[in-house]
Amino acid sequence: MTITAPSIPQRDTRITNPYHAVKNLTPLQHAIFWSGWLAWIADSYDFFCVSLTVLRLNDQFNQNTHSLTTAITLTLLLRPVGAAIFGILSDRYGRKWPLVSVLLIIAALQTGTGFVTTFREFLAVRSLFGIAMGGVWVSHYWLAIYARDSHRRFQGLASAASME
């Protein structure tokens, strides 16, 4: 009696030209991908604007740099909370409306950041912004994955672009 090791099925490992993969997408798939990508760009832009203005925020709030960078860290730490919340909402209500709602929340928080007067308010708004950041990523990422399910070769490129 001989024992043979199970064989692992071979995957298609050919590299596809990204141009051809993108060209085969439908207009709806393009719209979904680019709307999610632009949502993440807007989200990232606000995050990095705060990161680059730490010295000015020191003067405004009379805080040291360590306190302000802690606020930035708090924003990043709360992204998984937002991903969980909006992931559950996306499972329950579909992918589109949670993405629309989180984009409206992001717009309100981006505007609200400019109107805070105390450091405690700044921490509260940035914490909520961190939750919304997680919501933007999980909402647009899964919407994009469902939209391009029929185009397997595009998944790697789209995933990389989604992660920036």
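These residue numbers are counts, starting from 1, taken along the chain as shown.
A Cβ is built for glycine as well, from the same backbone N, Cα and C atoms used for every other residue.
Annotations in TrEMBL come from automatic prediction, not curation.
TrEMBL lists 32-164 with the feature domain 'Major facilitator superfamily (MFS) profile'.
The annotation transmembrane segment is assigned in TrEMBL to 31-55 (among others).
Proximity of distant same-chain residues to the transmembrane segment (67-90), defined by a Cβ-Cβ separation under 8 Å and at least 6 residues beyond the stretch ends, is recorded for 47, 50-51, 54, 57-58, 61, 98-99, 101-102, 119, 122-123, 126-127, 129-139, 142-143. Per TrEMBL, transmembrane segment is recorded for 67-90 (among others).
Under the heading transmembrane segment, TrEMBL lists 97-117 (among others).
For the transmembrane segment (123-143), the residues of the chain that approach it from at least six positions outside its boundaries are 32, 35-37, 39-40, 43, 46-47, 50, 71-72, 74-87, 90, 95-96, 98-99, 102-103, 105-106, 109-110, 112-113, 116, 162, judged by C-beta separation under 8 angstroms. Here TrEMBL flags 123-143 (among others) as transmembrane segment.
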| task | Over the span of the domain 'Major facilitator superfamily (MFS) profile' (32-164), count residues by DSSP class, listing helix, strand and coil in order. | result | 116 helix, 0 strand, 17 coil
| said: Return the average pLDDT for the domain 'Major facilitator superfamily (MFS) profile' (32-164) as a whole number. | reply: 82
